[in-house]
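Peer 1: Below is a structure I'd like to ask you about.
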Amino acid sequence: MKNIGIIGTGYVGLVQGVIMAEFGMNVICMDVVSEKIEKLKKGILPIYEPGLKELLDKNVMSGRLKFFTEMHETIENSDVIFLAVGTPPKEDGSADLQYVKAVAKSIGEYMNSYKVIVNKSTVPVGTGKFVRDIVQEGLDKRGLSIEFDIVSNPEFLREGKAVRDCLTPDRVVIGAESEKAVEIMKKVYDVLYINQTPFLITSLETAEMIKYASNAFLAVKISFINEIALLADKVGANIQEIARGMGMDGRISSKFLHAGPGYGGSCFPKDTKAIADIAHTHGEQMLVIEAAIKANEKQKQKMSERIIYTVSQEVPIENAILTIWGLSFKPETDDMRDAPSIDIIRALVRAGARIRAYCPEGMKEAKWRLKDIEDYIEYCKNEYEAAEGADAIILMTEWHQFRGAYLDKVKAVMKNDYFFDLRNVFSKNIEVKEMFKYSGVGC
Ligand code: UDX
């Protein structure tokens, strides 16, 4: 059995650590933020992710999962070290590799035996080799000659479904430079290998590109359907039926063809900008991806413009009260990173409207991300309180809770009856359409 060290307990690192322990490995999860580690030791998760708490408790209890703050202990006690630190975007869209660099430096300083160093963070092509050089430099300084291997093993988990995605992934991609490293990685993922999950063994660079290309492709798909939805609105067509008709073609597939207010989250906005930047540094231009980025910005803008224009027909927008249902970038997460709600709320407030908001999990983060306009936003305890005195409901994120809301109760407390369904949750619900002045996205 291999001892696994995971450096960085963000979304990817933490879920990976818990799942590796569930797969039967001895796992150390390490983070420099000691408060986070202390909480994790007590079973307190820093994120909301369905199913994670149960697995965390179980594996901490069994002794397979431990939490450390000491880098050297983690490195010395691990055979396989996963780098799962953040790679936030810099001003110019390129990925900031300072944390990856710092960890690689520490590995070079503390490494005491053969290690497989695995990159889980989404990093620009060439980072594997860059990590290799930094580790080697550290060993050279210490006058040591210790063998090590670098592996790129991108993560494809979705927030809100992270546990399921890690337990039953569509594929495992391993970019490696040696057969020895590939064999060790197969042992690490023994459970998946036995379960016949497809494994793809590639070079480091190819694995690094697979992650960016996958995320960029999905972002393009969403921007594409959002653009078609704008046209569907104009010509009187129905985007859900269009998407269904398109998706019946196996070459297209129906997945990721749901029109909405634009994509958000910690991956698509960051990774599309990063791949465009990587292309620039190599003298290329990603025309399709850059168009998807622009279309996503336009989509958010279109949503706010439509709301402002429509509500203004009845109430001056400066007097309008607009209710937001759902703030997180998608359901089943508290993550607000690049959530479309942020840009849309800002535009509505800029126009003069006041906001009443409710989200099952996203409000804590929304409060600090929207601190500068806090005077214009009232956070409410449920969807009904949020609707009180409102001119319009804006369904921003498709939490199940909203699907089951008693809409007659909602309507009874509203002042006007606009309903902007930015996720097309109620698009086929005749009752809702009769009850409210309803509009969806492309239907
Ligand atoms: C994504 C990738 O799916 C995952 O493989 C990768 O590892 C990380 O990035 P995540 O960001 O967690 O995962 O969420 P995802 O479910 O992919 O949704 C991303 C955004 O696209 C959300 O804002 C979502 O609402 C939006 N989306 C998704 C659409 O607007 N329409 C769709 O059809 C699908």
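Glycine too: its Cβ is placed from the backbone N, Cα and C atoms.
Feature table excerpt (TrEMBL):
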BINDING   Asp31, Lys36, Thr87, Thr122, Glu159, Lys270, Arg337  NAD(+) binding site
BINDING   Phe156, Leu157, Arg158, Glu159, Lys211, Phe256, Leu257, His258, Ala259, Gly260, Gly264, Lys330  substrate binding site
ACT_SITE  Cys267  active site, nucleophile
DOMAIN    323-428  domain 'UDP-glucose/GDP-mannose dehydrogenase C-terminal'
Peer 1: Checking the spread of the substrate site as listed (Phe156, Leu157, Arg158, Glu159, Lys211, Phe256, Leu257, His258, Ala259, Gly260, Gly264, Lys330): what is the longest Cα-Cα distance, in whole Å?
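Peer 2: About 24 Å separates the two most distant Cα atoms.
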Peer 1: What is the separation, in Å, between the Cα atoms of Lys36 (NAD(+) binding site) and Ala259 (substrate binding site)?
Peer 2: 37
Peer 1: Report the same-chain neighbours of Lys211 (substrate binding site): residues 6+ apart in sequence with Cβ closer than 8 Å to its Cβ, ordered by sequence.
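Peer 2: Those within reach of Lys211 (substrate binding site), by Cβ under 8 Å and sequence separation of 6 or more, are Thr122, Pro154, Glu155, Phe156, Val173, Asp271.
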Peer 1: Round to the nearest Å and give the CA-to-CA distance linking Asp31 (NAD(+) binding site) with Leu257 (substrate binding site).
Peer 2: 37
Peer 1: For the NAD(+) binding site, please report the maximum Cα-Cα distance among Asp31, Lys36, Thr87, Thr122, Glu159, Lys270, Arg337 in Å.
Peer 2: 24
Peer 1: For the domain 'UDP-glucose/GDP-mannose dehydrogenase C-terminal' (323-428), jot down how many residues DSSP puts in helix, in strand and in coil.
Peer 2: 40 helix, 19 strand, 47 coil
Peer 1: By a simple count, how many Cβ atoms lie within 10 Å of the Cβ of Glu159 (NAD(+) binding site), its own Cβ left out?
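Peer 2: Excluding its own Cβ, the number within 10 Å is 24.
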Peer 1: How many Å separate the Cα atoms of Ala259 (substrate binding site) and Lys270 (NAD(+) binding site)?
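Peer 2: For Ala259 (substrate binding site) versus Lys270 (NAD(+) binding site), the Cα atoms are 20 Å apart.
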Peer 1: Measuring Cα to Cα, how many angstrom lie between Glu159 (NAD(+) binding site) and Leu257 (substrate binding site)?
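Peer 2: Roughly 18 Å, rounded to the nearest whole number.
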Peer 1: Given the recorded positions Thr87, Cys267, Arg337, find the one whose Cα is closest in space to the Cα of Arg158 (substrate binding site).
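Peer 2: For Arg158 (substrate binding site), the spatially nearest of the recorded positions is Cys267.
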Peer 1: What does the structure give for the C-alpha distance between Thr87 (NAD(+) binding site) and Gly264 (substrate binding site)? Integer Å is fine.
Peer 2: 17
